[in-house]
């Protein structure tokens, strides 16, 4: 896939895509530069300042331990982005391996895809909860649990595309030239799957953020001492009537991050998938 | 149609078998001895051994699977460690809430999602279409629990219009007034899923609009409403129906969070409580029931699919 100048020009033709991309850059910068941006230590307990409304000192107010919400949101971006990328990498790597192998080797495909189909019948959050129950809590385990849910979607898409591509003339030519299965799969088929995989990765990131926030809220996600946005919402439940800002700000950040990924994913799909080029 | 139904019924067997193996493996994937994990660190070796025997973990794995499968299809999903009663009756006690929540949410999705999607497609590329799509994307980006908590603050705490939590049984009391407890949970659950149906309806309609027979219908001079309803919508609905099975699963998934937010005594909240209590037989049982439901809903969807488009049953 060549990302030419005209590709980016067409990608950012719609203003809404630019807005989505700018928000994503801001969120990722927040994650990378948290110690430089955050005005306070996000973990520092300060009982005198507890449950302060948003003011000039604490822009987003403080929580029940007197911790600065703005600083916690900035640090929360770090864990949110990190775990989102973790899910994307896990689901894409294993999904592409399983999907492409299934699409290329018929017998193996029949076996693996039947299992994938059945796993897709499990409600996503129930499956993630069941996996967390087996693996135990912790950042890595949550990434694996949520990643396993989305791995099935990636595998399904990759399987369908591999079935289609393997019949293309360039693949048949490579086989005729004596290329082995590994070479055909890794040098000829998988590189041609990159566009739909990038689109899938964007949507996976958005869904994963929602799913992980839900797990945090249910108390089975990332350990509560880590200031993820989901954990901040979870701990705000007891104070929602007295301190609604505890609920408001982390929620808004989740919404705008997910929305930006969805907008960006839509724009990418429109550009990379010929089927959608004429739509919207 | 009969032959198609029979062929479709046969495909259920391998699906259910694989699902059974996966669900059965669930307890055996746990690191360490499942009985010791379930009872926690304070359990004595005698208690652990007793539970091992009770769960049949002392027998060979294939015997365990055969026994579990046989009992599961007879309706015996084992006993809950926390409730000390059969898993199926624990699920039955919580089923009313979840069935009501999922059904009413589905109705909201169908009543709102499909017409809005149709209008958006008909008004393609207008301000109305762009606004609708914008709202749909926003709705799909909002965490369910956050939406629920905000609705609770607005309608229960500030305006005092609707109850904020709980659900007294309608079937036991016969009091239909209790359904008001489900208004906020159903709106919360329906919002993100409506967004998906709106987008799907719109894109299916747009796909069909490009077909030659639609141009022919217009060229014949048919009224636009007839072209939209009889020629476009009638054909677009097939892909919408096929998505309803997935929507149902999304709703079941959503009940886990929604029931927890609104403290509803449903199956979704039971899953969360069982994970926190390490009541594995209940988690296993709920997933088994849900997967069976899903398989049969998908079967019904496929059959209705064949009914809507008779060509399918001849393929």
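Even glycines carry a Cβ here, placed using N, Cα and C.
Positions annotated as transmembrane segment by TrEMBL: A:16-38 (among others).
Summarising the annotation, TrEMBL assigns transmembrane segment to A:79-105 (among others). Outside the transmembrane segment (A:79-105), and at least 6 residues removed from its termini, the chain residues within Cβ reach (under 8 Å) are 27-28, 31, 112-113, 116, 139-140, 142-144, 146-163, 166, 181, 184-185, 189-190, 193, 197, 200-201, 204-205, 208-209, 212, 222, 226-230, 254, 257.
Taken from TrEMBL, the feature domain 'ABC transmembrane type-1' covers A:81-265.
Sequence annotations record features per position, and here TrEMBL assigns transmembrane segment to A:125-151 (among others). Within its own chain, the transmembrane segment (A:125-151) has Cβ neighbours under 8 Å at 79, 83, 86-87, 89-91, 94-95, 98, 119, 204, 207-208, 211-212, 214-215, 218, 220-223, 226, counting only residues six or more beyond its boundaries.
Taken from TrEMBL, the feature transmembrane segment covers A:197-223 (among others).
Residues annotated as transmembrane segment in TrEMBL: A:243-265 (among others). Within the same chain, residues 16-17, 19-21, 23-24, 27, 51, 53-54, 60-61, 63-64, 69-70, 73, 76-77, 80, 199, 202-203, 205-206, 209-210, 213, 229-230, 232-233, 235-236 sit at least 6 positions outside the transmembrane segment (A:243-265) and bring their C-beta atoms closer than 8 Å to a C-beta of that stretch.
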